[in-house]
Amino acid sequence: MRESSSSSFDPYSWKNFYFHVDREEATRLLCQPNSDLGTFLIRDSTTPGSYALSVREELSGDQQVRHYLIEPVESDNGKTNVRIADQYFLDIPALLNHFKMRILANVSLVCPLRKAAINRMIALYSFEGQEPTDLSFEKNEILDIIEKPQEEWWEARNALGNVGLVPGNYLAQFNEVLMQRDSPDSSVSSENRLSGASVLSDINDDMLNSTQLSETPHIPTLARVILDRRPNVYDTEALRLKKGDLLRVTKLHPSGICEGILNGKKGTFPFTYVEFVGDADTATTPTPI
């Protein structure tokens with residue numbers, strides 16, 4: 001019996017390593033050369049309403065990957081628990097946490113299989129998620145797109161490994177941005193171009209400023225809310241916005257944060273939540289579709 005090395009993953013983020021694959025594809029993915037013993041993923045089972053836990057347990061042979069059925073089981077108190085073999089758990093995170101420290105057939109769970117990136121993107125605007133499944137990000141943040149379940153909403157992973165849905169129209173191809181910075185017109189040295197920090201700084205100062213800040217209207221001005229926003233309860237200066245509201249913008253900071261007045265209340269809000277009214281030539285931030 002062979003035990004894997006110490007595990008390091010968050011069992012409560014199990015949907016980050018949920019794959020839309022079948023048994024055959026799960027086996028293929030887990031048998032790749034870079035998959036160590038104890039690498040695993042979660043997928044849908046062929047049993048309706050159930051999941052399957054697929055685990056790399058051998059480095060060679062016909063049983064390199066084992067598949068375990070995770071069944072929902074209704075308890076006496078009416079709550080739904082899960083069962084794997086003859087063991088019962090409160091939920092999937094509890095199950096995963098248990099097998100981080102204990103052996104399945106040959107190994108414990110060491111690390112989830114990392115989803116391959118379809119492409120790498122850079123954020124043109126900041127985005128504050130409104131749903132638990134959303135992934136918030138800042139302007140100039142680099143994101144790996146790992147799946148496109150919808151035309152305009154994509155599944156992305158940030159540098160910390162967090163996964164969630166992001167609006168595709170807030171992003172640009174990272175390689176295309178690098179090509180723009182590497183053009184003969186760029187004043188950045190070739191050494192600096194290789195630095196991720198310098199690339200982000202240059203984008204912030206040049207590309208984004210030229211496409212956004214130079215086209216903003218004269219302040220003060222009126223703006224219409226294009227996206228609902230419910231700020232953190234601890235942010236007492238932030239305005240709560242409702243789509244369709246009209247408010248007066250009194251100041252626009254270079255960071256993209258606006259100061260304004262809504263229904264007699266002064267406060268702040270990101271400019272990505274509004275469109276400026278009265279100037280047909282004013283550029284606006286796209287609304288997540």
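Heads up, the Cβ atoms here are built off N, Cα and C, so glycines get one too.
Note that this is a predicted model, so its numbers are computed, not measured.
Confidence for the domain 'SH2' (14-113), expressed as mean pLDDT, is 92. Summarising the annotation, TrEMBL assigns domain 'SH2' to 14-113.
For 116-176 (among others), the entry in TrEMBL reads domain 'SH3'.
As annotated by TrEMBL, domain 'SH3' applies to 218-279 (among others). Counting residue by residue with DSSP, the domain 'SH3' (218-279) contains 3 helix, 30 strand, 29 coil.
Helix, strand and coil content of the domain 'SH2' (14-113), in residues and according to DSSP, is 22 helix, 34 strand, 44 coil.
Secondary structure of the domain 'SH3' (116-176) per DSSP (helix as H, G, I; strand as E, B; remaining residues coil): 6 helix, 27 strand, 28 coil.
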